[in-house]
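Asker: If you scroll down you'll find the structure; I have some questions about it.
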Amino acid sequence: GCDASILLDDIDSTFVGEKTARANQNSVRGYEVIDKIKANVEKACPSTVSCTDILTLAAREAANIAGASYWMVPLGRRDGQTANKTAANELPSPFESLDNIIAKFNAKGLDTNDVVVLSGMLSFNAIIINLLIILCFKNKTTTCAHTIGFAQCFTFKQRLFNFGGSRKPDPDLEASLLKGLQTVCPDQVDSDTTLVPLDSVTTNRFDNSYYRNLVNSSGLLQSDHVLSTDNRTASMVLSYSRYPYLFLKDFGASMVKMANIGVLTGQDGEIRKNCKVVN
């Protein structure tokens, strides 16, 4: 359901892209990978394959290489010709309540199971996959999943030192993890952008370790932790922690479902020659 608008660069004051939106700046990575793929595709097959299809395929391949199941990707999407930084600023964030996150998913035709499945995939600071996921939740078309990738300390530091204004750590955070995080992310501003693995057990592997961490009170973000305690989502977290193949199967299905939101086809949009600028 993406239109590749996240790839568009700012152009002076005449065009404002989405790369500097709150959820994207200093977080989304992998733009240069897409640029390289697009350049090679254009040489072999000019003006035929959209940046959006490249993103969708790259997300599937990146996840598959890292350990996810293979899922079929419908092709034929076209690229958007506009960007919407305001909408990108409304992406689900690690500071939001589960109610708000579910509501944002529901508004795009995704259900609570999709929330749990897609939360288990990447990070707010990751690789190609979250280029796909992040731009799908704008006004056209998710959040990021957390079995691969990193979070900046500021996204969870309140759990380490001043949870809920208590001036104490989150009592639900596993003790050894808390101690280690307090060392890596000391209570000072210059640690805010330090990166910490969202899944410290299998950092570079796409698997169900994220859910096992949640069950063991070792989820990094508060928005992740609540998935294991809320009665709408806790049973799914437990199932995915026990049955890795169930997670991988459902993940592929949710990715296809998400990628069908608001697709531009036919005469809508365009096929960019350069993913950074409209034709």
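Glycine is treated like the rest: Cβ placed from N, Cα and C.
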Asker: Going by the disulfide annotation in TrEMBL, which one of Cys2, Cys45, Cys51 is bonded to Cys275?
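Answerer: Its disulfide partner, as TrEMBL records it, is Cys51.
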Asker: Identify the disulfide partner of Cys153 as annotated in TrEMBL; candidates are Cys45, Cys136, Cys185.
Answerer: Cys185
Asker: Rounded to the nearest angstrom, how far is the Cα of Pro92 (substrate binding site) from the Cα of Asp199 (Ca(2+) 2 binding site)?
Answerer: 19
Asker: How long is the line from the C-alpha of Pro92 (substrate binding site) to the C-alpha of Asp207 (Ca(2+) 2 binding site), rounded to the nearest angstrom?
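Answerer: Spelling it out, the Cα of Pro92 (substrate binding site) and the Cα of Asp207 (Ca(2+) 2 binding site) are 22 Å apart.
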Asker: Indicate the candidate from Pro92, Asp199, Asp207 with the smallest number of other Cβ atoms within 10 Å of its Cβ, considering only these binding-site residues.
Answerer: Asp207
